[in-house]
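These notes concern the structure reproduced below.
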Amino acid sequence: METTALNSQKAPSVCKDREDCQENSILQKSGPTSAGGVESGQIFNGYSSVPSTGMGDDAEHSVPTATTTLVAEVHHGERETWGKKVDFLLSVIGYAVDLGNIWRFPYVCYQNGGGAFLLPYIIMAIFGGIPLFYMELALGQYHRNGCISIWRKICPIFKGIGYTICIIAFYIASYYNTIIAWALYYLISSFTDRLPWTSCRNSWNTANCTNYFSEDNITWTLHSTSPAEEFYIRHILQIHRSKGLQDVGGVSWQLTLCIMLIFTIIYFSIWKGVKTSGKVVWVTATFPYIVLSVLLVRGATLPGAWKGVLFYLKPNWQKLLETGVWIDAAAQIFFSLGPGFGVLLAFASYNKFNNNCYQDALVTSAVNCMTSFVSGFVIFTVLGYMAEMRSEDVSEVAKDAGPSLLFITYAEAIANMPASTFFAIIFFLMLITLGLDSTFAGLEGVITAVLDEFPHIWAKHREWFVLAVVITCFFGSLTTLTFGGAYVVKLLEEYATGPAVLTVVFIEAIAVSWFYGVTQFCSDVKEMLGFSPGWFWRICWVAVSPVFLLFIICSFLMSPPQLRLFQYSYPHWSVILGYCIGTSSVICIPTYITYRLVTTPGTLKERIIKSITPETPTEIPCGDICLNAV
């Protein structure tokens, strides 16, 4: 299937190595270097130039003064690259494997047919998630830019996508780090001989508190609550002090201190760039796998564990006839791999030019999917144990979804195991490291985008810019730190990010495969890797992946999620508020399209053609070519 781009094709690269550039003294698209990386004459956005040394004063071959000056300005340095290839892989894995892999996949799996759910999940991964993942890695590595300035080289009219991504990242940072703060509060509370969520004798407990595992004879009623549930709801969240979304109450000083510590860790992990964050992920990306292995072995030895495993994997093939199962599979793989957040573009932009991003995409996607699958065993062996201890069905124990599955059900199970303090400490440390990895990545996507777009302002002041970003995210988190903050977290999670990111990636896929052209894109990949993507990838990028995304978007719009948290049902106006928050980021795309068409000179046809045609090196402002110094 041969496709023709809607914009004009770029001239093929003729400057393939340092010697070629030196011979011709030209500014051309850079290709692989002999060392496999970026030579000193290469500029981070994919253009290279080395001043001629063998042409003398021949006026016919002299380089224009403006170009010579430009080269002199940028020749002093290079774009930062990863210290080691494994730093990049661990960073991508740490970003893709997050808290959702632990709490969302197991729940979605058993809700949608158990083992039968793996079939639509794998299909959606092969035809939708992995192609998009591969596309973003290749784009970032070839053009060597963040999510804003990269559009000058693809299709300038869609530059608003980059600004949309930055706003979405701010919304995510506003609630995601609050969940990490909850885990940190649990971790601090775990340093006791007896975990505080095992008893009903604390100041936050109510008369309805009933301990399943008490040696006393107890009667469980419809109004009974477990100590773990009351610890989470009344002590950590203090949600009983809020009347709902319309009155979230005051700010919890305990959670505020926790999130301040979280943001401090984040700042000193990313303030110097990927060379430092690449070292931090050696701990934050590997530690969760050590803990998951320990918990898997421990869970498998618990009484009743097999009940949980059967409940998790027992296939219900009739479920595959339901549209909702396929929607959940598509949404799960998409949000698990995480294209559309600007992170993959940013991380790949620090790779060497001929790094095998195709192999990276397959390896990291496989690791992500396997982690989700194995996490199900970690969760459900413990849920089977809980069901055995309570003499209940696993479905009754597994009714909690989202964070409650971790902070109530799993926390309660850990508290009633031998060596409970040890397991609680490593479990909540694992949650914190999983969350930190994703936050490092999300903020790096924004930082790279802004520094690449405005290097003349921020290139020499990265530390101050990162500090400004972290402080902004902290103040943005204040509403989620209130007594009703959990209501805000749920609203932002469901409406502010999901639909907006889906829209971004849908437009991105169309812009790259239809406007930039899948033929040109495959040519770029061949220039980097030495081989061109096959027909499977081309068909996925042009047709299958956009349909995959459109399918999820339409499903969401037709059946928006009904918001409910604990016993609280969200008011009707909260749906409108959610859509407004989501639209506030996506509006950047049509706004920039309008701005571009209005400010571009010429007739309407000339404006459109110029706006969808990649800019040449001489058209890109000097500020966009100057080095992102870190």
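Cβ atoms are placed via backbone N, Cα and C, with glycine included.
Residues or ranges marked as Na(+) 1 binding site in Swiss-Prot (evidence: similarity to another entry): Gly94, Val97, Leu434, Asp437, Ser438. Look at Swiss-Prot and you will find Ala96, Asp98, Asn101, Ser336, Asn368 tagged as Na(+) 2 binding site, backed by similarity to another entry. The annotation disulfide bond is assigned in Swiss-Prot to Cys200-Cys209 on the grounds of similarity to another entry. Look at Swiss-Prot and you will find Tyr47, Tyr142 tagged as phosphotyrosine, backed by similarity to another entry. Sequence annotations record features per position, and here Swiss-Prot assigns phosphothreonine to Thr276. The annotation region 'Interaction with RAB4A' is assigned in Swiss-Prot to 616-624. Under the heading topological domain 'Cytoplasmic', Swiss-Prot lists 1-87, 136-160, 272-277, 348-360, 444-463, 517-538, 596-630, citing a curator's inference as support. According to Swiss-Prot, the feature topological domain 'Extracellular' maps to 187-252, 298-324, 381-421, 484-494, 559-574. Sequence annotations record features per position, and here Swiss-Prot assigns transmembrane segment to 88-112, 116-135, 161-186, 253-271, 278-297, 325-347, 361-380, 422-443, 464-483, 495-516, 539-558, 575-595 based on similarity to another entry.
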* To do: Enumerate same-chain residues with a sequence separation of six or more from Ser438 (Na(+) 1 binding site) and a Cβ-Cβ distance below 8 A; give 'none' if the list is empty.
  => Gly94, Tyr95, Asp98, Leu99, Tyr176
* In the same chain, who gets a Cβ under 8 Å from the topological domain 'Cytoplasmic' (136-160) while lying at least 6 residues past its ends? -> 7, 38, 44-46, 79, 166, 339-340, 342, 344-349, 351, 353, 355, 357-358, 360-361, 445, 448-453, 507-508, 511-512, 515-516, 521, 524-525, 527-528, 588-593, 596-597, 611-615, 620, 624
* What average pLDDT does the predicted model assign to the topological domain 'Cytoplasmic' (444-463)? -> 90
* Which chain neighbours of the Na(+) 1 site, leaving out Gly94, Val97, Leu434, Asp437, Ser438, have a Cβ atom within 8 Å of the mean position of the site's Cβ atoms? -> Ile93, Tyr95, Ala96, Asp98, Thr284, Ala285, Pro288, Thr433, Gly435, Leu436, Ala441
* the transmembrane segment (422-443) in contact with the transmembrane segment (116-135), cutoff 8 A, at least 3 CB pairs, sep 6+ -> no
* **Whether the transmembrane segment (575-595) meets the transmembrane segment (253-271): three or more C-beta pairs under 8 angstroms** => no
* Asked: How many other Cβ atoms are found within 10 Å of the Cβ atom of Gly94 (Na(+) 1 binding site), counting all protein chains shown?
  -> 26
* Cβ-based neighbourhood (8 Å from the centroid) of the Na(+) 2 site, residues Ala96, Asp98, Asn101, Ser336, Asn368 excluded -> Tyr95, Val97, Gly100, Leu337, Gly338, Thr371, Ser372
* Structure fact -> Quick note, Leu434 (Na(+) 1 binding site) and Ser336 (Na(+) 2 binding site): C-alpha atoms separated, nearest Å, by 13
* **Contacting positions for the transmembrane segment (361-380) when only residues 6+ beyond its ends and CB under 8 Å are counted** => 89, 92-93, 96-97, 101-103, 105-106, 109-110, 118, 121-122, 125, 129-130, 133-134, 137, 289, 292, 295-296, 299-300, 308-309, 311-313, 332-333, 336-337, 394, 398, 405, 410
* Determine how many residues of the topological domain 'Extracellular' (187-252) DSSP places in helix, in strand and in coil. => 19 helix, 5 strand, 42 coil
* Asked: By a simple count, how many Cβ atoms lie within 10 Å of the Cβ of Ser336 (Na(+) 2 binding site), its own Cβ left out?
  -> 22
* Counting only CB pairs under 8 A, let me know which of 88-112, 325-347, 464-483, 539-558 has the most with the transmembrane segment (161-186). => 464-483
* Structure fact -> Within 10 A of the CB of Cys209 (disulfide bond), the number of other CB atoms across every chain shown is 19
* **Stretch with greatest number of CB pairs under 8 Å, the transmembrane segment (116-135) reference, 278-297, 325-347, 495-516 candidates** => 325-347
* Examine the transmembrane segment (88-112) against the transmembrane segment (325-347) and state whether at least 3 Cβ pairs sit under 8 A, considering only residue pairs 6 or more apart. => yes
